[in-house]
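If you check TrEMBL, you get these features:
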- 233: active site (ACT_SITE)
- 278: active site (ACT_SITE)
- 229-344: domain 'Lon proteolytic' (DOMAIN)
- 7-29: transmembrane segment (TRANSMEM)
């Protein structure tokens with residue numbers, strides 16, 4: 001009887017220990033990631049950048065919490081706890097990864113476009129179709145289309161841009177039959193359904209949220225291999241690396257330079273999340289300069305969060321708080337960053 005009691009207590013202890021260590025909570029832990037040399041991911045005209053110094057992209061580390069990791073996170077001053085809904089909403093892990101992969105692909109495209117334009121290299125943007133970001137519950141294409149599919153035609157009609165696609169679908173009456181041609185994993189497929197009324201409007205649609213999928217075509221070859229890094233925030237640093245190689249301008253001059261921010265084809269630098277973690281990662285990697293988006297906080301953002309501040313101010317606040325040995329430089333456009341590096345040589 002005593003042996004049985006010991007066995008039961010031991011088994012119960014193992015179960016409790018396993019729960020504490022491995023049970024996934026609906027919470028993610030966001031902490032300092034890494035700052036890595038962009039030159040390792042970019043080749044221009046078949047060549048990588050071997051000059052001294054680094055242009056570094058930064059990223060955060062994100063992982064699901066277990067009870068023990070959740071409690072331990074309070075011992076790390078750099079770790080934040082974020083709800084599952086804030087990170088992925090109703091997306092599955094697979095859908096989340098596909099969307100992050102799309103954002104990185106788009107960041108690469110935008111970086112190519114702005115760097116080619118600034119160096120006066122010929123290029124064109126080729127429209128590939130509609131990237132499916134989500135399928136709404138009331139869509140008749142639910143369980144037919146998936147996140148990551150690329151719609152190339154509707155009722156055998158192809159379009160030159162997203163506006164053409166949307167105008168055509170909106171012109172169809174509610175309940176009208178629709179045939180979608182799409183690509184999934186490189187293979188063409190077809191699906192049929194009907195238009196539905198879009199919530200909050202009098203318009204018809206197929207019930208998806210979408211993004212435009214394009215690629216940059218140029219005789220000047222720029223190749224990237226992002227090695228699983230996702231999201232849009234590397235756009236600025238990718239564009240700086242591409243510009244440096246295309247223009248044969250040594251922006252680094254032996255310096256370690258990091259930064260973050262989305263990039264658009266017109267050169268504007270957009271806001272990102274986790275900048276407090278990214279500037280710490282840059283400091284740990286030995287960067288002495290950190291580019292941060294410096295866009296004003298809107299009235300709506302201030303209303304939602306009275307403590308909201310620009311990426312630049314948040315990064316600077318982090319540097320001051322932890323006494324980091326890195327200079328935060330505010331940028332609104334890529335030319336701000338280029339000018340700073342040239343003038344501070």
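Keep in mind that glycine also has a Cβ here, set from the backbone N, Cα and C atoms.
Comparing residue 278 (active site) with residue 233 (active site), their Cα atoms are 10 Å apart once rounded. Here residue 233 (active site) comes close to 57, 58, 59, 107, 260, 261, 262, 272, 273, 278: these same-chain residues lie at least six apart in sequence, with C-beta atoms under 8 angstroms from its C-beta.
Across all of the domain 'Lon proteolytic' (229-344), the predicted model scores a mean pLDDT of 96.
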